[in-house]
């Protein structure tokens, strides 16, 4: 008699009220799994996939710089998804969930080896859970989360780097940043798995992506500041003025590209967010509670941001009006804040978290982009996903409840500060959030430094950007895609732009040739005039 397959040996000893020695189970592996769990996790994976074009639409709609090339941000979200998905199926899942150290997984699941025959996520006690899911389905679901985390950073590319540079960056970033941090919190082998409460990725996805986006945006400023500090230390003398021209920083455009894009993108995100927060790898009352909390937090966040903008702009500029863009941003802020807490807090706490997230991010949006901090983040990635994710982690440590977590029948936690007087949980949340921010910032900076060095070494490029920093890859403006699209239309209107004639196209191609040879004599205003369709 041949040995039973590995999935039979690893399957739980009870399921569907039948004994594991029943020959039906040996002949049909589907009987080992709960069909409703499989269906819901498949639906959740597809819902998360919907959020990827939602991010692209939201970024293209709310970016003032995207008015010249919204197609770039839309295309980048899809292309990033493809790159990260391949990385995840090749070795990303193995790094995150296979056996290994507390910081880095092994190669047990490289190229999905030992996956198709195994039930349940690696390391989870499926007998204690009373059910299991196919591990291949777990790979698929976690792949969607990894793709979404990388797509969140794509908004940082605007005006900074080219698309091919970000695609290479996203592959390396997922390997070196996302996979280790996801292992810490979500894998039973991770060092913070038994300490942190992060239901759906407040620290793993949002804090990590926001920190990496901040480093991506301000990498040139950091390198320039380090270089100036080194000159001051090793070559003291006449103080050199900063090469950053304050007047050249474009702060005049505060309008969104397309409100329609923003609304559609927010709707897709809100719809797909139930795949994030509604999935606890099983179908239970906890799933229902998480979905209700997600919806309430999104509503509260949208109302809070809209009301805050109404009051702030009303008293400051005497412009009493409601903004649909503010509601979209507030909704996303509320969804981000409830992400780590959805399966741990009650509905009243969810409303409070959404209100706090909307107000905090509305105020923080003006503060971070003021002349004090100078965060050049017109998409509010740092503000919404950074401040919102941090707030959600802290609120989880305060309002977490044992009874909400145990609605699935097997999750046991110590609770939070308010209800169970477990104040140490808040300290754990702060520590995990700080570890994610610090690790993501350092490793992202090192990735950018290596890519910058490789580009200069093999390409020999040294072009000065408008901020006075060397950039070896931003040779052609990132809006070049629109030039091709406009010309291919034969001079017809494209995305609300005026038709162009042959002379205008010659000026476009002239500007591209000047950019290719690295002409440093042209100013930014001249380049903008050349690239603007006439």
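Using the three backbone atoms N, Cα and C, a Cβ is placed for every residue, glycine included.
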> Ranges 349-368, 469-488, 489-508: which does TrEMBL label transmembrane segment?
Replying inline: 349-368
>> Of the ranges 237-256, 257-276, which one does TrEMBL flag as transmembrane segment?
In response: 257-276
> According to TrEMBL, which stretch among 118-138, 139-159, 202-222 corresponds to the feature transmembrane segment?
Replying inline: 139-159
> So which range, 322-347, 426-451, gets flagged transmembrane segment in TrEMBL?
Replying inline: 426-451
>> Out of 71-91, 166-186, 257-276, what stretch is closest in contact terms to the transmembrane segment (38-59), meaning most Cβ pairs under 8 angstroms?
In response: 257-276
>> At a threshold of under 8 Å on Cβ distances, which of 71-91, 166-186, 288-307, 380-400, 426-451 pairs most often with the transmembrane segment (349-368)?
In response: 288-307
> Hey, which of 71-91, 257-276, 380-400 has the most Cβ-Cβ pairs under 8 Å against the transmembrane segment (166-186)?
Replying inline: 71-91
>> How about the transmembrane segment (380-400) with the transmembrane segment (71-91) - do they touch, taking at least 3 C-beta pairs under 8 Å (6 or more apart in sequence) as contact?
In response: no
